[in-house]
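Enquirer: Annotated region 'Disordered' per TrEMBL: 1-33, in sequence order. Feature annotation from TrEMBL assigns compositional bias 'Acidic residues' to 1-11. According to TrEMBL, the compositional bias 'Polar residues' annotation covers 14-33. Under the heading domain 'MARVEL', TrEMBL lists 49-176. TrEMBL lists 53-72, 84-107, 127-144, 151-172 with the feature transmembrane segment.
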(Lines of atoms letter the chains of each structure in order from A and count residues from 1; the text may use other names and numbers.)
(Lines give C-alpha, C1' and ligand atoms only; values in the text may rest on other atoms or scores of the structure.)
Protein backbone atom coordinates (compact mmCIF):
# COMPACT_ATOMS: atom_id res chain seq x y z
CA UNK A 1 0.00 0.00 0.00
CA UNK A 2 2.81 2.36 0.89
CA UNK A 3 4.64 1.42 -2.25
CA UNK A 4 1.63 2.47 -4.34
CA UNK A 5 1.41 5.85 -2.59
CA UNK A 6 5.14 6.45 -3.09
CA UNK A 7 4.79 5.61 -6.79
CA UNK A 8 1.86 7.99 -7.19
CA UNK A 9 3.82 10.72 -5.42
CA UNK A 10 6.81 10.13 -7.66
CA UNK A 11 4.61 10.35 -10.74
CA UNK A 12 3.08 13.61 -9.52
CA UNK A 13 6.50 15.12 -8.89
CA UNK A 14 7.69 13.97 -12.30
CA UNK A 15 4.70 15.53 -14.04
CA UNK A 16 5.15 18.79 -12.14
CA UNK A 17 8.85 18.82 -13.01
CA UNK A 18 8.10 18.27 -16.70
CA UNK A 19 5.51 21.07 -16.67
CA UNK A 20 7.98 23.47 -15.05
CA UNK A 21 10.77 22.56 -17.44
CA UNK A 22 8.39 22.85 -20.35
CA UNK A 23 7.29 26.32 -19.25
CA UNK A 24 10.87 27.52 -18.84
CA UNK A 25 12.13 25.94 -22.07
CA UNK A 26 12.83 28.45 -24.84
CA UNK A 27 11.70 25.94 -27.45
CA UNK A 28 7.96 26.32 -27.18
CA UNK A 29 5.54 24.90 -29.75
CA UNK A 30 4.01 27.55 -31.89
CA UNK A 31 0.64 27.81 -33.56
CA UNK A 32 1.62 30.59 -35.94
CA UNK A 33 0.70 29.81 -39.54
CA UNK A 34 3.49 29.03 -41.92
CA UNK A 35 3.46 31.63 -44.67
CA UNK A 36 4.00 30.54 -48.20
CA UNK A 37 7.25 31.70 -49.72
CA UNK A 38 5.87 31.71 -53.21
CA UNK A 39 6.19 35.33 -54.33
CA UNK A 40 3.89 34.81 -57.30
CA UNK A 41 1.09 33.51 -55.08
CA UNK A 42 -0.54 36.96 -54.75
CA UNK A 43 -0.65 37.65 -58.48
CA UNK A 44 -4.13 37.56 -59.98
CA UNK A 45 -5.80 38.92 -63.07
CA UNK A 46 -7.62 42.18 -62.34
CA UNK A 47 -10.78 41.91 -64.43
CA UNK A 48 -11.98 45.28 -63.16
CA UNK A 49 -9.01 46.97 -64.81
CA UNK A 50 -9.53 45.08 -68.07
CA UNK A 51 -13.16 46.24 -68.09
CA UNK A 52 -12.24 49.87 -67.37
CA UNK A 53 -11.56 52.54 -69.96
CA UNK A 54 -7.81 52.28 -69.50
CA UNK A 55 -7.82 48.50 -69.78
CA UNK A 56 -9.94 48.49 -72.94
CA UNK A 57 -7.81 51.22 -74.53
CA UNK A 58 -4.63 49.30 -73.69
CA UNK A 59 -5.95 46.13 -75.32
CA UNK A 60 -7.03 48.04 -78.46
CA UNK A 61 -3.65 49.77 -78.66
CA UNK A 62 -1.77 46.49 -78.43
CA UNK A 63 -3.95 44.85 -81.09
CA UNK A 64 -3.76 47.77 -83.55
CA UNK A 65 -0.01 48.19 -83.05
CA UNK A 66 0.49 44.50 -83.77
CA UNK A 67 -1.67 44.65 -86.89
CA UNK A 68 0.23 47.70 -88.14
CA UNK A 69 3.55 45.96 -87.49
CA UNK A 70 2.40 42.84 -89.37
CA UNK A 71 1.25 44.94 -92.32
CA UNK A 72 4.56 46.75 -92.59
CA UNK A 73 6.49 43.47 -92.26
CA UNK A 74 4.77 42.03 -95.35
CA UNK A 75 6.44 44.64 -97.58
CA UNK A 76 9.20 42.84 -99.49
CA UNK A 77 10.63 45.67 -101.59
CA UNK A 78 10.80 49.41 -101.00
CA UNK A 79 12.76 52.35 -102.32
CA UNK A 80 13.18 54.59 -100.41
CA UNK A 81 12.64 52.60 -97.22
CA UNK A 82 12.96 55.33 -94.60
CA UNK A 83 9.21 55.64 -93.99
CA UNK A 84 8.79 51.87 -93.81
CA UNK A 85 11.61 51.42 -91.31
CA UNK A 86 10.39 54.32 -89.19
CA UNK A 87 6.84 52.95 -89.01
CA UNK A 88 8.21 49.48 -88.30
CA UNK A 89 10.26 50.74 -85.36
CA UNK A 90 7.40 52.81 -83.89
CA UNK A 91 4.78 50.05 -84.18
CA UNK A 92 7.09 47.41 -82.70
CA UNK A 93 8.18 49.65 -79.80
CA UNK A 94 4.61 50.70 -79.01
CA UNK A 95 3.44 47.09 -79.10
CA UNK A 96 6.15 45.92 -76.70
CA UNK A 97 5.98 48.81 -74.20
CA UNK A 98 2.18 49.02 -74.12
CA UNK A 99 1.94 45.23 -73.88
CA UNK A 100 4.26 45.20 -70.88
CA UNK A 101 2.26 47.95 -69.17
CA UNK A 102 -0.96 46.06 -69.87
CA UNK A 103 0.45 42.96 -68.18
CA UNK A 104 1.72 44.99 -65.21
CA UNK A 105 -1.61 46.74 -64.64
CA UNK A 106 -3.83 43.72 -65.30
CA UNK A 107 -1.85 41.56 -62.83
CA UNK A 108 -1.59 44.34 -60.21
CA UNK A 109 2.21 44.19 -60.35
CA UNK A 110 2.35 47.97 -60.06
CA UNK A 111 1.14 47.69 -56.46
CA UNK A 112 4.31 45.77 -55.57
CA UNK A 113 6.70 48.41 -56.96
CA UNK A 114 5.69 51.62 -55.21
CA UNK A 115 8.89 53.48 -56.11
CA UNK A 116 7.64 54.03 -59.66
CA UNK A 117 5.01 56.65 -60.50
CA UNK A 118 2.93 54.41 -62.74
CA UNK A 119 0.40 57.09 -63.68
CA UNK A 120 3.20 59.31 -64.99
CA UNK A 121 4.84 56.33 -66.73
CA UNK A 122 1.60 55.49 -68.50
CA UNK A 123 1.12 59.14 -69.45
CA UNK A 124 4.61 59.41 -70.97
CA UNK A 125 4.12 56.18 -72.93
CA UNK A 126 0.75 57.17 -74.36
CA UNK A 127 1.86 60.71 -75.22
CA UNK A 128 5.05 59.51 -76.93
CA UNK A 129 3.17 56.78 -78.81
CA UNK A 130 0.57 59.30 -80.00
CA UNK A 131 3.23 61.65 -81.35
CA UNK A 132 5.44 59.04 -83.02
CA UNK A 133 2.55 57.02 -84.48
CA UNK A 134 1.09 60.16 -86.02
CA UNK A 135 4.48 61.20 -87.39
CA UNK A 136 5.37 57.78 -88.79
CA UNK A 137 1.90 57.32 -90.32
CA UNK A 138 2.14 60.75 -91.93
CA UNK A 139 5.59 60.01 -93.36
CA UNK A 140 4.45 56.62 -94.66
CA UNK A 141 1.37 58.19 -96.23
CA UNK A 142 3.57 60.69 -98.08
CA UNK A 143 6.32 58.26 -99.05
CA UNK A 144 4.86 54.95 -100.24
CA UNK A 145 4.34 52.89 -103.38
CA UNK A 146 0.55 52.58 -103.06
CA UNK A 147 0.77 48.90 -102.19
CA UNK A 148 -1.98 47.26 -100.16
CA UNK A 149 0.31 46.59 -97.20
CA UNK A 150 1.46 50.20 -97.01
CA UNK A 151 -2.06 51.60 -97.28
CA UNK A 152 -3.28 49.19 -94.59
CA UNK A 153 -0.37 50.16 -92.34
CA UNK A 154 -1.19 53.85 -92.78
CA UNK A 155 -4.86 53.26 -91.93
CA UNK A 156 -4.09 51.26 -88.80
CA UNK A 157 -1.41 53.78 -87.88
CA UNK A 158 -3.86 56.67 -87.85
CA UNK A 159 -6.44 54.53 -86.02
CA UNK A 160 -4.04 53.65 -83.23
CA UNK A 161 -2.94 57.30 -83.11
CA UNK A 162 -6.53 58.28 -82.28
CA UNK A 163 -6.78 55.58 -79.60
CA UNK A 164 -3.50 56.68 -78.04
CA UNK A 165 -4.72 60.28 -78.16
CA UNK A 166 -7.84 59.41 -76.15
CA UNK A 167 -5.72 57.44 -73.69
CA UNK A 168 -3.35 60.39 -73.32
CA UNK A 169 -6.24 62.73 -72.52
CA UNK A 170 -7.58 60.38 -69.84
CA UNK A 171 -4.07 59.77 -68.45
CA UNK A 172 -3.49 63.53 -68.10
CA UNK A 173 -6.74 63.90 -66.18
CA UNK A 174 -5.85 60.99 -63.90
CA UNK A 175 -2.34 62.33 -63.30
CA UNK A 176 -3.61 65.81 -62.44
CA UNK A 177 -6.26 64.40 -60.14
CA UNK A 178 -3.65 62.24 -58.40
CA UNK A 179 -1.29 65.19 -57.91
CA UNK A 180 -4.15 67.30 -56.54
CA UNK A 181 -5.05 64.65 -53.99
CA UNK A 182 -1.42 64.25 -52.93
CA UNK A 183 -1.05 68.01 -52.52
CA UNK A 184 -4.29 68.38 -50.58
CA UNK A 185 -3.43 65.67 -48.07
CA UNK A 186 -0.42 67.42 -46.46
CA UNK A 187 -2.29 70.72 -46.41
CA UNK A 188 -5.28 69.24 -44.57
CA UNK A 189 -3.01 67.47 -42.09
CA UNK A 190 -1.16 70.74 -41.45
CA UNK A 191 -4.44 72.58 -40.81
CA UNK A 192 -5.61 69.82 -38.43
CA UNK A 193 -2.33 69.97 -36.51
CA UNK A 194 -2.48 73.75 -36.34
CA UNK A 195 -6.09 73.67 -35.08
CA UNK A 196 -5.20 71.09 -32.43
CA UNK A 197 -2.22 73.16 -31.30
CA UNK A 198 -4.39 76.28 -31.07
CA UNK A 199 -6.97 74.39 -29.00
CA UNK A 200 -4.26 73.20 -26.64
CA UNK A 201 -2.99 76.76 -26.21
CA UNK A 202 -6.48 77.97 -25.36
CA UNK A 203 -7.04 75.14 -22.87
CA UNK A 204 -3.66 75.79 -21.19
CA UNK A 205 -2.97 79.55 -21.06
CA UNK A 206 0.29 78.98 -19.19
CA UNK A 207 1.82 77.67 -22.41
CA UNK A 208 1.35 81.06 -24.11
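Glycine is no exception: its Cβ is also placed from the backbone N, Cα and C atoms.
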Enquirer: Can you tell me how the residues of the domain 'MARVEL' (49-176) break down into helix, strand and coil by DSSP?
Expert: 106 helix, 0 strand, 22 coil
Enquirer: Over the domain 'MARVEL' (49-176), what does the predicted model average in pLDDT?
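Expert: The average pLDDT of the model in the domain 'MARVEL' (49-176) works out to 92.
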